[in-house]
Amino acid sequence: MGSYHDEKNVMGGSDQGELCSLAMTIASGSVPAMVLKALIELDVLELIKRAGPGAQLSPAQIVAQLPTKNPDAGTMLDRMLRLLASYEILSCSTQTLPDGRVERLYGLAPVCQFFTNNEDGATLGAIVQLSQEKLVVESWYHLKDAVLDGGIPFKKAQGMTIYEYPKTDPRFNQVFNSGMSNYSTIIMRDLLERYKGFEGISTLVDIAGGTGASINMVVSKYPTIKGINFDLPHVIKDAPSYDGVEHVGGDMFESVTKADAMLIKWTLCDWSDEHCLKLLKNCYNALPDNGKVIVCDYVLPMAPETSNAAKTVFLLDAIMLANFVGGKGRTKQEFEALARKVGFEGFEVPCSSYDFSVMELFKKKNN
């Protein structure tokens, strides 16, 4: 049995050839994500996972478990799977059959731990579904016009903002909430292992907390905390009930519920400086003198870098550009400037979780 990747250097060539290949890969950048989206919808990755650790299945074995009678399904699936194997999303090996044909077998590469359900039932597959959602993709077709004429691409495409639209479309509301909930769960699981700043808090408000998955995880680990999940009424109406968590509907730009501490996760990046200052001022006013705001957000490096982590935060910044009113990534210095302008005296960055930094904004500076 041979490895598919043993042959990966056969297509090598001159520097110009490599540059041309890179250009074609960039030009076709949406294809792997759309193929991955289809495989997730077909439940292919979960089928392979259920076969056991290290298992590899042939396209025929996978198709046998799909609700299809399409005679071409195996060939189509093979072509989709080998594309993702070339991106190291899947592993691939080959075996020669008795009739001389070569058959490819596919397994899950390490990155698939994020595209299949984890122990919390969370998966970045929900983010694949959201980012490749037709409504979201349509925003990119208006990016050029937004540069020339101003405005937000999503609003140009849909006639309203990405926060207004879910109220008119229950299906998209579910896709949006699912994406945010799954993403939050994955980040929060790691954050709770690294960040110790929840210790000693009596009451914690998760601002723009969605359906409450994150605050539930915090309260589950710190059961003495009274958790409050704060979000817009149309968001929390679908929120499940959690022990120790109260769902409160409201507008964070008008006021927020009083508590010892506030948690703001990947929310400031959605808004302009003006909106962020208004939100942070509401938090400041609702905190006791010894209170703090815990901000978990992506932090941009001062200059572009080529690491996967840097690419991720710049991709997120581009997503903000296309979909959110004034949304943008910020450097550490820009986050601190917002906090100081509102009146927070202390600013610390105790840790990071995946591509996000945890920042603490203290109302009064610790002595």
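Cβ from N, Cα, C; glycine included.
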Given Swiss-Prot lists Ser184, Asp231, Asp251, Lys265 for S-adenosyl-L-homocysteine, the same-site residue among Ala146, Ala157, Ala208: Ala208
Cα-Cα distance maximum in Å, computed over every pair in Ser184, Ala208, Asp231, Asp251, Lys265 that the record assigns to S-adenosyl-L-homocysteine: 20
To which of the binding-site residues Asp231, Asp251 does the lowest count of other Cβ atoms within 10 Å belong? Asp251
Spatial neighbours of Lys265 (S-adenosyl-L-homocysteine binding site) that are distant in sequence (at least 6 apart) but have CB under 8 A: Ser184, Ile187, Met188, Asp206, Ala208, Gly209, Ser214, Val295, Cys296, Asp297
